[in-house]
Number of protein chains: 2
Amino acid sequence: MKLYNYFRSSASFRVRIALELKGLPYDYVAVNLLKGEQLLPAYASQLGDALVPALELDDGRLLAQSMAIIEYLDETHPAPALLPGDPIARAHVRALAQLVACEIHPLNNLRVLKYLKRQLQLDDAAKDAWYSHWARQGLQAFERQLLLLDAERKATGQAPSRLCWGDQPTLADCCLVPQIFNAQRFHVELHDLARTMAAFQACMALPAFQRAQPSACPDHGV
Amino acid sequence: MKLYNYFRSSASFRVRIALELKGLPYDYVAVNLLKGEQLLPAYASQLGDALVPALELDDGRLLAQSMAIIEYLDETHPAPALLPGDPIARAHVRALAQLVACEIHPLNNLRVLKYLKRQLQLDDAAKDAWYSHWARQGLQAFERQLLLLDAERKATGQAPSRLCWGDQPTLADCCLVPQIFNAQRFHVELHDLARTMAAFQACMALPAFQRAQPSACPDHGV
């Protein structure tokens, strides 16, 4: 498998975490978003959305969209599982992942920040306020949801969670961790998100998350 | 089951389609987003993100996030399936759904349009240009992706698709149709998206999509 990705892209980072958690070897193909390499015809002609990440399978077929890729990896390489077995628990984990992937990340990625600057002529302060507004609103919602799920686990006799859900990394952790890296890079206030940051720190103590992080990528700093 | 939702919310519409496709009865609980009812404590205290839709199960537990809810319904009520059986096909369908749910919808929903107006003081023309930019960019990507997938089906000896993927409605159709309703409401140019609009029209010929549409909802026009 080949992963087309960029060290700083948080959607790419999600898939790198999943690959590392499952111990799957892959070729790292860097696509430099700052240089617009995702828009070059050789790449863009193969993918409707011309975004990273994309996973190229051994038969040459390409899979798009980070959460779809992670679900594919989980279905084809089930151990260790990135979703729990119980349907309600699976729904909770997917909803946490989607809270990041549908409510926070889309508002704060590079092409949106570029639109704010170029088309709307926002200055840096207004751009930073935008970033911080959606990151804070989304991460506060994430924190509240983790606390509600902790209460639900307690009420239904399940052990407390150390990560987002339970003790084993899930799709939710694959999405949370890159979003926190992003928030830290943009100096978003995180001190009041105790439960979320505890999950983040527990993830970062694991080798798979360390190996997947931007600073460990071959294109880091290039 | 109870579905907390709003007739015009396209994330709500996705789940209504899935419930109708599966023939599952549910109580419709209207949450008026224009009046901010999703922020009232009785609702917001139960859901981290205080968004619609949310599905309340018979034991009182709440599920959040439309795509997570649809996956839950598909796992617990497998017929008719909203995802194909083959892992690569499943990944393609999920990626199409996520192209809508992660790349288009988040940029154009009500709270973002409010931010543009209130915090950024954009006039209506600039707000409409924003809406149209992301809807067009996303739907053009969707169109390209459908054509690439049609070519892949042909190359791998599969029958042509009449809907987004194949002949049976999937998660991708559940996400596409509400996005087209939205785009039409905002007068987004759609005439060059022939493949996408053909899938949309084929969906709208089906009773489940008709029954789920905003104009068929009890809170429509309230």
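Heads up, the Cβ atoms here are built off N, Cα and C, so glycines get one too.
Heads up, TrEMBL stuff is auto-annotated, nobody curated it.
Going by TrEMBL, these are the annotated features:
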- A:1-81: domain 'GST N-terminal' (DOMAIN)
- A:86-222: domain 'GST C-terminal' (DOMAIN)
Using DSSP, break the domain 'GST C-terminal' (A:86-222) down into helix, strand and coil residues and give each count.
97 helix, 0 strand, 40 coil
Could you tell me how many residues in the domain 'GST N-terminal' (A:1-81) are helical, how many are strand and how many are coil under DSSP?
31 helix, 14 strand, 36 coil
If you average pLDDT over the domain 'GST N-terminal' (A:1-81), what do you get?
96
